[in-house]
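Visitor: Just passing along the structure, written as structure tokens.
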Amino acid sequence: MNELGRHILAEIYGCDGEILNNKDFIEKIMVDSALKAGAEVREVAFHKFSPQGISGVVIISESHLTIHTWPELGYAAVDVFTCGDRINPWDACNYMTEKFNAKNMTATEIKRGIFEQVVEVKASNI
């Protein structure tokens, strides 16, 4: 089965709340995780919420990494989407999990852009 990309949706639990509320450290971990996976970083944007929590995106040539943190819960929601077969998105997810001092990570991988069977869609008058 050929796909255009792999998209991992990771639920990372039991993380260090101080790490999850440190914007600069989260940005560094996200960029480093992209680089460790072999991706080429293009742009980054991160925002710290009041009183806590961070959302951010790392745009890579191969697609993107995103994060949303809940430091008070020790929880991070992470997406890693990579196009092509040169980058392994699991490398980035595993690196982040380690750096967040997480106790548990569950994840789902979705194959994106599978074109094995073309389905014809017809417009209908509703």
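A Cβ is built for glycine as well, from the same backbone N, Cα and C atoms used for every other residue.
Found this in Swiss-Prot, in case it helps:
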type	residues	note
ACT_SITE	S63	active site, schiff-base intermediate with substrate
ACT_SITE	H68	active site, proton acceptor
ACT_SITE	C83	active site, proton donor
MOD_RES	S63	pyruvic acid (Ser)
Visitor: With every protein chain in view, what's the tally of Cβ atoms within 10 Å of the Cβ of the residue listed as 'active site, proton donor', excluding that atom itself?
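Guide: Cβ-Cβ neighbours of the residue listed as 'active site, proton donor' within 10 Å number 18.
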Visitor: Among the active-site residues listed here (S63, H68), identify the one with the smallest other-Cβ count within 10 Å.
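Guide: Comparing Cβ neighbours within 10 Å for the active-site residues S63, H68, H68 has the fewest.
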Visitor: To the nearest Å, how far is the Cα of C83 (active site, proton donor) from the Cα of S63 (active site, schiff-base intermediate with substrate)?
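Guide: Given the Cα positions, C83 (active site, proton donor) is 6 Å from S63 (active site, schiff-base intermediate with substrate).
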